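Copied over from Swiss-Prot:
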BINDING   Cys236, Cys238, His260, Cys263  Zn(2+) 1 binding site
BINDING   Cys249, Cys254, Cys276, Cys279  Zn(2+) 2 binding site
COMPBIAS  156-171  compositional bias 'Low complexity'
COMPBIAS  175-190  compositional bias 'Basic residues'
REGION    151-208  region 'Disordered'
SITE      Tyr235  site 'Histone H3K4me3 binding'
SITE      Met246  site 'Histone H3K4me3 binding'
SITE      Asp250  site 'Histone H3K4me3 binding'
SITE      Trp258  site 'Histone H3K4me3 binding'
ZN_FING   233-282  zinc finger
Amino acid sequence: MSSINERPQDPSSALEQATQDVANLKSEFHHIMDEMQVADKTLVSSREQYLREDYVLHKLVKQHGSLTKDPKEGSITETVEKEMKRCGDLQQQKCILANTALYLVTKHLSKIKANIESLEEDGLLAPLDDELSDKKAGSVDLGAGIAGLGNGTAGSGSSSGRKRPASSSSANGKGQKRKQQKKERSRSHQRAGTVSRDVSPNAGIGRDPTFDALAYNDDLFKMNQGGEEDDKQLYCFCQRVSYGEMVACDGPNCKYEWFHYSCVNLTEPPKGQWYCPECRLEIANQKLNKKKKKQ
């Protein structure tokens, strides 16, 4: 593999060097994602553990009152604090892994940009802006082409965006309406996040296929980035943006509403109604209160 500071002799050697540098990137990403998945599963287990202990603690307080200290209260409190600290440590571990993946991409991208700049300085590669300016005179307006892609006139929106499994039917109310609005917003992100690669021959784009790729590269990247920046809503226990498979809680008053599969230990869409751990705990408390009132 070439040295990091070595200047490429020509464009082909720069391409070969970049290909060699990123050869192991996929396997490195797989390893990082596997580590994050393990941390996610452990975190979910710890969270369920301290929620169960917290429920037991509340039950003891209700039975004996807050002034009378139960012998089990100390050990339960210690367990809750221990599991909560463990959850915090796991979240920190996941942040470090995510930053590692970001660093790997940034490092390779910076090196590719530096090689391109050095080739331009040596006169071995024509500056991209100059090449596009020369070809613009004999082609259609790029702005109109990009607008056509953005409006869906040159290609249809891809359906490979974020997948949001439909929640099973539940009682009508504010919770259901709120989840439906989130589903519609998710679908709009899917349509805006990716555009089709199939461009109609009659779309009025320049004849040179190389020019086509260069002309739309930066604008499409900015457009796609814009679609992702719109969805800054935080979901789930982990309070992160939406990604991958997500499931909606059927609890009408759920404060999170959407959950990542890995955070709730799911691998496939649940059958029937599904409630998050906190809503399940709330439902259990409601049933317990009803029984006490009947007694």
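Just so it is clear, glycine is given a Cβ too, placed from its N, Cα and C backbone atoms.
Note that the coordinates shown come from a computational prediction; the quantities given were computed from them, not determined experimentally.
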I want to verify one value. Collapsing DSSP to three states, which class is Cys279 (Zn(2+) 2 binding site)?
helix
Overall pLDDT of the zinc finger (233-282), taken as the mean:
88
What is the nearest of the recorded positions Asp250, Cys254, Trp258 to Cys238 (Zn(2+) 1 binding site), using the Cα of each?
Trp258
What is the interatomic distance between the Cα atoms of Tyr235 (site 'Histone H3K4me3 binding') and Cys263 (Zn(2+) 1 binding site), given in whole Å?
11
Helix, strand or coil at Cys236 (Zn(2+) 1 binding site), per DSSP?
coil
For Asp250 (site 'Histone H3K4me3 binding'), which of the binding-site residues Cys236, Cys263, Cys276 has the nearest Cα in space?
Cys276
About how far apart, in whole Å, are the alpha carbons (Cα) of Cys254 (Zn(2+) 2 binding site) and Met246 (site 'Histone H3K4me3 binding')?
15
Over all shown protein chains, what is the count of other CB atoms within 10 A of the CB belonging to Tyr235 (site 'Histone H3K4me3 binding')?
20
